[in-house]
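Data first, discussion second: the structure below is written as structure tokens.
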Amino acid sequence: MPRRPDLNHVLVIGSGPILIGQAAEFDYSGTQACRVLRAEGLQVTLINSNPATIMTDPEYADHTYVEPITAEFVEKVIAQQAERGNKIDALLATLGGQTALNTAVKLSENGALERYGVELIGADFEAIQRGEDRQKFKDIVTKVGGESARSRVCFTMDEVRDTVADLGLPVVVRPSFTMGGLGSGMAYSAEDVERMAGDGLAASPSANVLIEESIYGWKEYELELMRDGHDNVVVVCSIENFDPMGVHTGDSVTVAPAMTLTDREYQTMRTLGIEILREVGVDTGGCNIQFAVNPKDGRLIVIEMNPRVSRSSALASKATGFPIAKIAAKLAIGYTLDEIVNDITKETPACFEPTLDYVVVKAPRFAFEKFPGADGTLTTTMKSVGEAMSLGRNFIEALGKVMRSLETGRAGFWTGPDPEGSVDEVLTRLHTATDGRLYDIEYALRLGATVEQVAVASGVDPWFVEQIGRLVALRAELIDAPVLGEELLRRSKHNGLSDRQIAALRPELAGEMGVRVLRQRLGIHPVFKTVDTCAAEFEARTPYHYSSYELDPSAETEVAPQAERPKVLILGSGPNRIGQGIEFDYSCVHAATTLTEAGFETVMINCNPETVSTDYDTADRLYFEPLTFEDVLEIYYAEQASGEGGPGVVGVIVQLGGQTPLGLAERLEKAGVPIVGTLPEAIDLAEDRGEFGEVLRRAGLPAPRFGMATSFDQARRIAAEIGYPVLVRPSYVLGGRGMEIVYDEETLEGYITRATELSPEHPVLVDRFLEDAIEIDVDALCDGTEVYIGGVMEHIEEAGIHSGDSACALPPVTLGRSDIEAVRRATEAIAFGIGVVGLLNVQYALKDDVLYVLEANPRASRTVPFVSKATAVPLAKACARIMLGATIAQLREEGVLASTGDGAVTARNAPVAVKEAVLPFHRFRKADGSQIDSLLGPEMKSTGEVMGIAADFGSAFAKSQTAAYGSLPAQGTVFVSVANRDKRSLVFPVKRLADLGFRVLATEGTAEMLRRNGIPCEEVRKHFQEFSEGLPQMSAVDAIKAGHVDMVINTPYGNSGPRIDGYEIRSAAVSMNIPCVTTVQGASAAVQGIEAGIRGDIGVRSLQELHSALGS
């Protein structure tokens, strides 16, 4: 049937900030949905708090609200549209992850949808409840003849204890209505049960947890299914987890299609999946169902389902070429599967199930190095921050490609230090899942362990272990062969080995380039295959490619000739990680769309299945490949060959994808690849402290005093000369990796030992640390003759907090005109001094009216999307055009940039935008189960960001906090404990809170200072102080854990008892999910936000309205 005529206006809820467990896959899903709905003639309103997303670009919806995703704010949007006579007919919440689903449930429960006559489409309220509520779902599984793990839903700790007594330990604890396994875990002891179930009851919006028998070690599978209003069902993809049950599927290596299922098991799963889908009532959309199989007896149970588009849906979409989110959106508005045409073949309908003639492997990317002390054990709580995907003609080829796609410094096995230990020690280690288990499996086999021993120890299916065993045998062949001949080299490449891996085993070839030269001499090159959804049964019309090394030398590539248009290759940013997230993907997508419009053929290279850049119709051609020198160069050659007789590849863009492509620029240029925009030598100049310092000296721009050290003695002399505190860091890092503020010589010695291990080929930088300075961030464009300031941002936290973790405001709220003019002059001098062509980000610190240059990055920064949303200027699009020859003057004429002026000086009526970082501290614990410290510093720790935008700073800040962490309290109790240096600065913010009616708790020293300043407060004991006569009975931590505190203000002390006390206070605040402010500036901003909330005048406005006002 055609689309429903009664639907004219649809509200789409996005997923908000990038979190562990809910990442960029929902930007990909939501972007697809918005495009489809608008193409169908529907009016679309979107709400999403994440400015780094493509979906929040104003062109993807009629009304785009960058607002917190809460029931309160969504209702404000619905009400505003209704007041304007523009009633919203339907709410589509199945494409925004768990956040959107939970918000939709609240809007149903509080009556808002009924009040405004808004229908839930995709999955209705009852379907969401049946799919998400553990007990209801278990009942459905039983009804359709399936089996669940023995379990019980518990609402109290007493019920939890009774259930554990019945089931026996170990048990799995799973909260309802959470994502990424938040709050879940394997409990081996009564103490584990108390902690995990307590956390789970707190994490679950419905305050219940499922206590389940342990199925640890079973094999895990997933099915992606879709159903339409006529009860047509398709199984889009089967996915098998390499890791057994007990490891969250988001942290497991996964493989599609499933490799080790028997046909009978698959058919049983398929039948059960379809019956469950029908019974739950997801009648217009997609869902994901997880199963477990006992490898000993074949017992099959159903674990859970997601009645929405999920992380696995994005993976399945990229793995098969079947656009699940796009089709789900069409099904939600009334179409049936047989009416929807497959985009890739342009002739088969969507009711044709995809067929794969290749293997897909996804691997997680972890960031444990960012959280010292965090337990690296993989459990049912997801901990990975990103993922990479690869395609190959066999499992082992795809595995090799995905391992080098993760960008951990290795190119697969044998390209880093071997794991430690004897065969018995490695087998013992394999009983516990960690992020290094692939390397442990290979090493155990290499040391002589049998496939069966490794499979038993790790719980990994013997078939997968056997495949890695084939690589161990191949390694021995490569080492032992007297000469590396064509047959062995071709077989090595067919099995996924990179040139770097082969070079590591054949020293006589003198490195990766030696292997490359040998390959070229022997005529061994990859062929490029096509993802077509139908195993070549029908012709693919969409060029979506992956590489493979065939054993047959006559195998042909499938890259179609295209000689008419000049080609531009865009290097993406690879897997998301802390320091390099979707902000960079945003810039790559903008480059692809704007350059296609400008007449170029755009070619995207990336390996991240979550992103919009790897959608098959973002660029003219897509290569799903690792971002390594070897892989990129082969694509360049393939594209040059396909463009023979025409202009060919005129440029490769490395400036937009973060540090990953920048790291390849120099080698690619030396290999003859044309790099456009800022040249590699200019990129190196900006990174080299000595050369960059010379640029600043010539321009008369001050920078903090610094020195370079390769030993502790050198570092000690430099630190003594410039004075403590100092900021120490290795060079060439993104996200502040390895950075630390050091206050004394003892700490410096420990740091130098660690840092030189981190980056032995580069010296350690020792900078004077500017305490209490205001940090400023600038994004600018330069075409070689003119500089255009995109935006000037003022950081809310002082210098010393990584810019990616600091909240910032645009326009700046305390800088004067003379400060901004100084920023402009400095930015122009730096842009011309380096030789920037494209984007430039500069960070400054303003202290005692002196503007210091901290660093300059001649590339797209993570703030580009935020600045673009706040100012209505598409910086990434302008950058792409400038790199390919356009001038700023030309872009002004075309209306891409403002005809006069730029973003340095904003209009008086310009709204204030606040960007806030989202931090994942609640995801990580130490091995003993205690929280890790939530203190911020120069090393970046945030996974994502939100934006609040309003007429004044207080309202914008309040929105940003609500979007990131939940509403600031309007009343209640605030606990204050601050370092001596901060006490004077905090008098006014705390007095204002007291005046607003807040009860103030404080520790002894802080309480004394507050009372002297006329602020009433109650005293609590420090956590490390034993209770004795004369001390308050309740400690600060006790008060927080008892639920008596609504906000914490705690700035760090030195390294003694109070420092430990501060850690305990902050950890307690994180565990209780209450706001915890760790800087003076943050406290002042929070007070302004609280005042705005109490005033009650925080409204909503769409970006379209805001941008229209900016242009008028």
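Using the three backbone atoms N, Cα and C, a Cβ is placed for every residue, glycine included.
As written in Swiss-Prot, here are the features:
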REGION    1-407  region 'Carboxyphosphate synthetic domain'
BINDING   R134, R174, G180, G181, E213, I215, E220, G246, V247, H248, Q290, E304  ATP 1 binding site
BINDING   Q290, E304  Mn(2+) 1 binding site
BINDING   Q290, E304  Mg(2+) 1 binding site
BINDING   E304, N306  Mn(2+) 2 binding site
BINDING   E304, N306  Mg(2+) 2 binding site
REGION    408-559  region 'Oligomerization domain'
DOMAIN    693-884  domain 'ATP-grasp 2'
BINDING   R729, R768, L770, E775, G800, I801, H802, S803, Q843, E855  ATP 2 binding site
BINDING   Q843, E855  Mn(2+) 3 binding site
BINDING   Q843, E855  Mg(2+) 3 binding site
BINDING   E855, N857  Mg(2+) 4 binding site
BINDING   E855, N857  Mn(2+) 4 binding site
REGION    966-1112  region 'Allosteric domain'
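Structure coloured by features recorded in Swiss-Prot.
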residue : record                : Cβ contacts under 8 Å, 6 or more apart
R134    : ATP 1 binding site    : S151, V153, R174, S176, N208, L210, E304
E213    : ATP 1 binding site    : A149, R150, S151, L167, V171, V172
E220    : ATP 1 binding site    : E240, N241, D243, P244, M245, T249, S252, Q290, F291, A292, I303
V247    : ATP 1 binding site    : N241, L378, T379, T380, A433
Q843    : ATP 2 binding site    : E775, I776, D777, V778, S803, V853, L854, E855, A856
N857    : Mg(2+) 4 binding site : A686, L840, N841, V842
Q. Near N306 (Mn(2+) 2 binding site), which residues of its chain come within a Cβ-Cβ distance under 8 Å, counting only those 6 or more away in sequence?
A. G131, C287, N288, S312
Q. According to DSSP, how is the region 'Allosteric domain' (966-1112) divided among helix, strand and coil residues?
A. 72 helix, 19 strand, 56 coil
Q. Which of E304, E855 has the fewest nearby Cβ atoms, counting only those within 10 Å, among these binding-site residues?
A. E855
Q: Let me know how many other Cβ atoms fall within 10 Å of the Cβ of L770 (ATP 2 binding site).
A: 21
Q. Where does the mean pLDDT land for the domain 'ATP-grasp 2' (693-884)?
A. 87
Q. Including all protein chains displayed, how many Cβ atoms other than that of Q290 (ATP 1 binding site) lie within 10 Å of its Cβ?
A. 20
Q: Look up L770 (ATP 2 binding site) in the DSSP assignment and report helix, strand or coil.
A: coil
Q. So for R729 (ATP 2 binding site), how many other CB atoms are inside 10 Å of its CB?
A. 21
Q.
Need the DSSP three-state call for N857 (Mg(2+) 4 binding site) to compare against my parser.
A. strand
Q.
Taking 10 A as the limit, how many CB atoms besides its own sit near the CB of H802 (ATP 2 binding site)?
A. 22
